[in-house]
Amino acid sequence: MATLLPPPKRQKVYHGIPEPEPESPHQSQNIVVQFISEEDGRSLAPAVNIPANLPRESLEALLNKISIQDEDPVPFSFHVNLPEDKNAPQGAPTRIVVSKSLEADVLDHPSGTFTSEDILIVHCSPQSVFRVRPASRCSSTLSGHTSPILCASFSPTGNLLATGSGDTNVRLWDLNTETPSHVLSGHKGWVLCVEWEAMERKLASGGHDGHVRIWDPKTGKPIGDALKGHTKWITSLSWEPIHLNAASPRLASSSKDGTVRVWSLLTRRAEFTLGGHTASVNVVKWGGADVLYTASSDRTVRVWDTKQGRPLHTLKDHAHWVTTLTLNTDFVLRTGPYDHTGKKPASDEDAQKLAQTRYTALLRTSPAELLISGSDDHTLFLWSPLSSTKPIARLTGHQRQISHVAFSPDGRWAASAAWDNSVRVWEGRTGKFVATLRGHVGAVYRLAWSADSRLLISASKDSTLKIWDLKTYKIKTDLPGHTDEVYCVDFVADKIVSGGRDRTVKIWKN
């Protein structure tokens, strides 16, 4: 009997069309790459010939191997600058960020600027060696305030949290247990700002009643009576940096009455009053070079000597109210002697040395203490105010008023938030535009950076918080949960706090 053969295998068809032949694997070409330091433009390694499809992680490993060798590997971010185009629309990208590979991001870029024949100049920025984990969940919703929460601030070590509200109270929260520790009552109006001393021994609060109050965070009791002198509400507070005065730092307060007062907490009196502005002083910052910076609705930024209270410079380029300021040293001034290692200073002298070391180390990466001012004229200016009254750069692109601007802890980047629903990222030393972060559908009120400068968080009128990844300039995590506008946000270690119109404080963690 003859053996029956099986029927021929039916050819698979898709909607009547035969299956296409499998493509042969794509052969990637080699390219020549020159790694350049973003900081000073020096070459980090000889030019190398590598496959164009080498993943970004392999680029990082290669650069560590050929440039750093024996030390622990350092994480890098990579980008390639686009050639300048005078006809490009305002706000057009100026760089290509390498997030996958040079082939996928640069050679296949829609602009068609680069080919495999070019020597690609890849700019490298070292990232912090420590890494902050992005928050992904709300670990606590803390109720207690009976009016919208207007300000929130972590203490320098991240163990305590202070929030101020329209209910005239400041509340302290213990972050180890995520429970309330003290209610600080004394203001007769809304609490508009809270500011920790960098040694965490005192907390200052400013209110709509025009009073400044100093509190002991351990007991929750006021230290003496309110500091009175301002005739209108307090807009901003700033402590004297620890590397200048560790034993008894002074406090500066700015007010709607157009003045700034510098208070000595030993005598509990105003050492002097700075009265040069002709309208509300919206922000005061105490710089590490022992000067005060003030921004006002009279369209000027002023620089003051803190020893005698005399004016040093007036910066006049804005065309409308100046509402926000940031220094590239903000983070080290705020945290004083405390860093990611968690070491505690043994004495005031020890704290002063540690704070001075951190401040000096940051200034090594920057030509000087830099300042960015943001205004209702939709623009920002980058200044080196101790060396010139002319701005280094004018930062344009926002379509509405600037609500907040913040330097990253390492001073490399600055981010600005505006009423046009967007966040923009700029180079911290040159003011060049880097990227626009879009995702919010309401005005963005407030920004905060992670301590490693890799993540940025934004709080918005649309009731959400968004964490942005500074390697890809995309949303890393969306944090919905608030039921109304979010007015304030702060970021310390891997914890985020937010508060707003819904009268609840939320703590976010990984």
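Along the chain as shown, the residues are counted starting at 1.
Using the three backbone atoms N, Cα and C, a Cβ is placed for every residue, glycine included.
Marked as domain 'NLE' by TrEMBL: 31-81.
The region 'Disordered' annotation in TrEMBL covers 1-27.
What TrEMBL records for 142-183 (among others) is repeat 'WD'. Confidence across the repeat 'WD' (142-183), taken as the mean pLDDT and rounded to a whole number, stands at 91.
Residues annotated as repeat 'WD' in TrEMBL: 184-225 (among others). Taking Cβ pairs closer than 8 Å, the repeat 'WD' (184-225) reaches residues 147, 150-157, 159-160, 162-166, 168-172, 231-239, 241-242, 246, 249, 251, 253, 255, 257, 263, 265, 268, 333-338, 351, 355 in its own chain, all 6 or more past its ends.
The feature repeat 'WD' is assigned by TrEMBL to 227-273 (among others).
Residues or ranges marked as repeat 'WD' in TrEMBL: 274-314 (among others). Sequence-distant neighbours of the repeat 'WD' (274-314) (same chain, 6+ residues past either end, Cβ-Cβ under 8 Å): 232, 235-241, 243-244, 250, 252-262, 320-327, 329-330, 332-333, 359, 363, 369, 371, 373, 375, 383, 385-386, 389.
Residues 38, 90-91, 93-95, 97, 125, 128, 320, 323-332, 362, 365-367, 370, 372-376, 378-382, 442-453, 456, 458, 460, 462, 468, 470, 473 of the same chain lie 6+ residues outside the repeat 'WD' (395-436) yet bring a C-beta within less than 8 angstroms of a C-beta in it. If you look up TrEMBL, you'll see 395-436 (among others) marked as repeat 'WD'.
Residues or ranges marked as repeat 'WD' in TrEMBL: 437-478 (among others). Helix, strand and coil counts from DSSP across the repeat 'WD' (437-478) read 0 helix, 24 strand, 18 coil.
Counting same-chain residues at least six beyond the ends of the repeat 'WD' (479-510), those with a Cβ under 8 angstroms from any Cβ of the stretch are 132-154, 158, 161, 163, 165, 171, 173, 175, 178, 340, 442, 445-451, 455, 457-467. Look at TrEMBL and you will find 479-510 (among others) tagged as repeat 'WD'.
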Reported in the order helix, strand, coil, what are the DSSP residue counts of the repeat 'WD' (274-314)?
0 helix, 22 strand, 19 coil
Checking distant contacts: for the repeat 'WD' (142-183), what same-chain residues at least six beyond its ends satisfy Cβ-Cβ under 8 A?
189-196, 198-200, 203, 205, 207, 215, 217, 219-220, 334-336, 338, 342, 487-493, 495, 497-507
